[in-house]
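Written below as structure tokens is the structure these notes are about.
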Amino acid sequence: MSQTSSNPATLRLPFKEKLAYGLGDLGSNILLDIGTLYLLKFYTDVLGLPGTYGGIIFLIAKFFTAFTDMGTGIMLDSRRKIGPKGKFRPFVLYAAFPVTLLAIANFVGTPFEVTGKTVVATMLFMLYGLVFSMMNCSYGAMVPAITKNPDERASLAAWRQGGATLGLLLCTVGFVPVMNLIEGNAQLSYIFAATLFSLFGLLFMWLCYAGVKERYVEVKPVDSAQKPGLLQSFRAIAGNRPLFILCIANLCTLGAFNVKLAIQVYYTQYVLNDPILLSWMGFFSMGCIFIGVFLMPGAVRRFGKKKVYIGGLLIWVAGDLLNYFFGGGSVSFVAFSCLAFFGSAFVNSLNWALVSDTVEYGEWRTGVRSEGTVYTGFTFFRKVSQALAGFFPGWMLTQIGYIPNVVQSAGTVEGLRQLIFIYPCVLAVITIIAMGCFYNLNEKMYVRIVEEIEARKHTV
């Protein structure tokens, strides 16, 4: 075990450990984003599935993995035999390889009719989601085991979001050019690009495993009365008001973000008639996200997490509204998208810092420390959001009359504009109301909670 500070709330983490933790979300987002960005288009344009079928695949698979996330959390909180690798790190190490194989397999076509292709694609995506849950939930849930310092948690969240943003940038900017290296065979080009990106994702996950340390792993004696089983774990979630509000917020914001990502490839090709623009837009907008991630820790120290979170949402809304009303050209689309993504950087970064703080809140309220279940309760809502966000674009593409590889009608173009701009705005406004009116955990309250928890331990 590494040396810890006498006061866990003041422990400072070394730079290389923060970097290693950020590499973890770089790797996991590469493995995730190639599917988020391109799998629906692969289903519709290469496999020949109707948009609704592609949406149903996402809906079923993501709802399934919402429950596998919860199962992963309960499994983590039920572990009693903790080896030298730690409580969470082994799953980062061992699950990353099958995740890589299945991320590639998702882009493999089958010689069946539409129904057979749909069934195989659904099963592959569900299996991918199962092992991804084991890897990614363990990665996210170990933050409370790394540090109890709220500033360091915010810093880890920034590094995590930086890694996630870089992963999204690489997938947005690089995937299509890599595909284009294989000419004349769309199926093979998808497999080639997916293989290359997935192998890099695997490498970064293993570097994360090697570079982070678990310092605060509490292993209680094996006692059925103390073991955090299903009922106790759900009690910890149900009585955790900040966690519940944060789950609602993520249901909205992640849904908005994922719909935007899924539709932008259609928007640039069929509305702006410039598919190459997606790479440039990704480059500049992700650069703005990096700026937001860099500024986030300082903004949090000055204004607090809640105010920065809501401020980011307001910037996001402004960017999307400007794009809808004034973003008819390529340059204006990129400029206003940069503004929206800059605002989203604060929101997406702070999600991970806020959910880590709710672990102590839940322990303070119920007496049960359930890092795994708190985190996966949070990701349950994120997966539900991803399920709906995966289904909704595919279903809406059918409703607005989208036909692949042809000039779209005026009604279809307007439908794409509303999907990529207005729909995210509405969800962002709902989130502003939820966080502004109902989220009650601030920095002063968190410090008091940690002190009371430590005092309880000394009196037992």
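Placed from the backbone N, Cα and C atoms, the Cβ positions cover glycine too.
Here's what Swiss-Prot has on this protein:
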TOPO_DOM  1-18  topological domain 'Cytoplasmic'
TRANSMEM  19-39  transmembrane segment
TOPO_DOM  40-46  topological domain 'Periplasmic'
TRANSMEM  47-67  transmembrane segment
TOPO_DOM  68-91  topological domain 'Cytoplasmic'
TRANSMEM  92-112  transmembrane segment
TOPO_DOM  113-122  topological domain 'Periplasmic'
TRANSMEM  123-143  transmembrane segment
TOPO_DOM  144-161  topological domain 'Cytoplasmic'
TRANSMEM  162-182  transmembrane segment
TOPO_DOM  183-190  topological domain 'Periplasmic'
TRANSMEM  191-211  transmembrane segment
TOPO_DOM  212-242  topological domain 'Cytoplasmic'
TRANSMEM  243-263  transmembrane segment
TOPO_DOM  264-275  topological domain 'Periplasmic'
TRANSMEM  276-296  transmembrane segment
TOPO_DOM  297-307  topological domain 'Cytoplasmic'
TRANSMEM  308-328  transmembrane segment
TRANSMEM  330-350  transmembrane segment
TOPO_DOM  351-386  topological domain 'Cytoplasmic'
TRANSMEM  387-407  transmembrane segment
TOPO_DOM  408-418  topological domain 'Periplasmic'
TRANSMEM  419-439  transmembrane segment
TOPO_DOM  440-460  topological domain 'Cytoplasmic'
For the transmembrane segment (243-263): best-contacting stretch of 92-112, 123-143, 162-182, 387-407, 419-439, by Cβ pairs under 8 Å: 419-439
Interface present between the transmembrane segment (123-143) and the transmembrane segment (276-296) (three or more C-beta pairs under 8 A): no
Summary of DSSP states over the topological domain 'Cytoplasmic' (68-91), given as helix, strand and coil counts: 14 helix, 2 strand, 8 coil
Residue numbers, six or more beyond the limits of the transmembrane segment (47-67), whose CB comes under 8 Å of its CB atoms: 39-40, 109, 114, 117-118, 121-122, 125-126, 128-130, 132-133, 379-381, 383-384, 386-395, 397-398, 402
Among 92-112, 162-182, 419-439, stretch most in contact with the transmembrane segment (387-407) (C-beta, under 8 angstroms): 419-439
Same-chain residues at least 6 beyond the ends of the topological domain 'Cytoplasmic' (297-307) whose Cβ lies under 8 Å from its Cβ atoms: 151, 154-155, 158, 346, 350, 353-354, 435-436, 439, 442-443
Chain residues in Cβ proximity to the topological domain 'Periplasmic' (408-418) (below 8 Å; excluding those fewer than six residues from its ends, i.e. six or more beyond): 263, 266-267, 270-271, 324, 396, 399-402
Folded-back contacts onto the topological domain 'Cytoplasmic' (144-161), same chain, C-beta under 8 angstroms, at least six residues removed: 8-13, 17-19, 21-22, 24-25, 86-88, 212-217, 289, 293-294, 296-297, 300-301, 305, 345, 348-353, 356-357, 359-360, 371, 443, 446-447, 450
Rounded mean pLDDT for the residues that make up the topological domain 'Periplasmic' (264-275): 87
Surrounding residues of the topological domain 'Periplasmic' (113-122) on its own chain - C-beta under 8 Å, 6+ positions past either end: 43, 47-50, 53, 56-57, 60-61, 106
